[in-house]
Every structure is written in structure tokens, then in C-alpha cells.
Amino acid sequence: MGLVFRTATQAAALLLSLLGWVLSCLTNYLPHWKNLNLELNEMENWTMGLWKSCVIQEEVGRQCKDFDSFLALPAELQVSRVLMSLCNGLGLLGLLASGCGLDCLRLGETQEGLKKRLLTLGGTLLWTSGVMVLVPVSWVAHKTVREFWDETMPEIVPRWEFGEALFLGWFAGFCLVLGGCVLHCAACWSPAPAASSHYAVAGPRDHQQHLELKQANPEI
């Protein structure tokens with residue numbers, strides 16, 4: 001029963017981590033980290049991501065343009081690009097390592113130690129990638145809040161607001177951290193040995209030894 005529960009826990013944690021990894025990839029490439037609504041022209045909305053910015057107009061539709069230079073970006077977007085790209089790579093490695101370390105995958109009796117190490121490595125990589133999602137998303141959100149409430153800027157100047165990708169990134173980071181921690185704990189958890197079979201074999205053996213001792217010493 002313990003082995004079945006551990007296998008189900010590993011599978012659920014791996015699926016949760018897979019969901020978090022897919023969402024982190026979407027967070028990386030979606031141009032919706034920041035939204036800008038122009039009060040003077042409500043028919044025009046701007047969005048910004050890590051790789052490009054877009055303008056949405058009712059007559060023309062969506063038009064996007066990639067950023068010309070990496071060095072011209074703000075510091076938070078530069079660091080976010082690097083961390084999000086590393087997150088996607090580490091998350092993929094973590095999924096592959098964890099998948100090879102699942103109990104439901106048979107690698108032979110002599111490979112149990114290898115499976116445990118793979119599961120531990122995969123869980124560590126996954127929760128590390130989750131942290132690498134939460135850091136840039138939270139940094140960009142903090143910078144957006146500071147700029148939004150900046151009293152030195154004139155009120156007529158439009159301000160950036162939270163985009164949908166930030167909320168998607170927070171959820172992705174939570175899934176990766178939780179899934180990675182569960183996989184790491186499942187690798188360290190060993191099911192209790194079956195005690196019933198031990199006593200089932202030891203019982204008749206003790207009874208036989210008692211009969212032999214009684215025959216050798218009738219006074220017992």
C-alpha cells in the first residue's frame with residue numbers, strides 16, 4: 001500500500017511540475033508582462049514582454065515589434081530574460097530526470113539507487129526553476145508598482161500596469177516549487193518493509209525449535 005501511494009504521489013507531482021513548466025514557457029514568450037492604457041486614446045493599448053512590445057488598435061489590430069537591443073532594455077527585463085531562459089532549460093532537465101526516476105518505470109533491481117538519485121536531482125532542478133520564475137516576475141511587478149505610484153511623474157503621463165503574464169508566472173512558479181519539493185521528499189521516503197511475511201515465516205520456525213527442545217528434555 002505504501003509503494004502504491006508513493007508511486008501515485010510521484011506521478012501527481014510530476015504532472016504538476018509539467019504544468020508549471022509549460023506555463024513558465026508561456027510566461028517567458030508572451031508579450032503581456034505590462035499593459036498600458038492610454039486615457040486620451042482608448043482605442044489604443046500597449047503591451048510589453050521580455051522579447052517584444054505590441055500595440056493593439058481597433059482598426060489595425062495587433063502589431064508587435066521585437067526589441068532592437070538587449071543592452072537598451074531596463075535592468076529588470078535584462079535579468080528576467082536570462083533567468084526565464086535558464087528556468088525553461090532547468091525545468092526540462094528536471095522533468096526528464098524525474099521521469100526516469102519514477103517507481104513505475106522499471107530499470108531493474110540493481111538500479112534502485114540510481115532511480116532515487118535521479119528523482120532527487122529532478123526535484124531539486126524543478127523547485128530551483130520555480131524560484132527562477134518567481135524572482136523576475138516579482139521584480140518586474142515591484143518595479144511596476146513603484147513607477148505607478150511615483151509622485152514625481154505628472155498625472156497626465158500614462159503608467160504601466162500588471163499584465164496577465166505576471167499572474168501566469170506566479171502560478172507557474174508555485175507549481176514548479178511545489179512539484180519539485182514533493183518529488184524530492186518522495187525520493188527520500190522509503191516504504192516500511194512488509195512485517196507480516198517476516199512473522200509468517202518466523203512463527204513456524206520457532207514452533208519447530210520448541211518441539212525439538214521438548215523432545216530432548218521431556219521434563220519441559
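Using the three backbone atoms N, Cα and C, a Cβ is placed for every residue, glycine included.
Per Swiss-Prot, the topological domain holding T9 carries a different name from the one holding L71, which places them across the membrane from each other. Within its own chain, the transmembrane segment (121-141) is flanked in space by residues 13, 17, 20-21, 24, 27, 33-34, 76-77, 79-80, 83-84, 86-88, 90-91, 93-101, 162, 166, 169-170, 172-187, which lie at least six positions past its ends and keep a Cβ under 8 Å from the stretch. Long-range neighbours of the transmembrane segment (11-31) within the same chain, counting only residues 6 or more positions beyond its ends whose Cβ lies under 8 Å from a Cβ of the stretch, are 47-54, 64, 84-85, 87-88, 91-92, 94-95, 98-99, 102, 104, 123, 126, 129-130, 133, 137, 164-165, 168-169, 171-176, 178-180, 182-183, 186.
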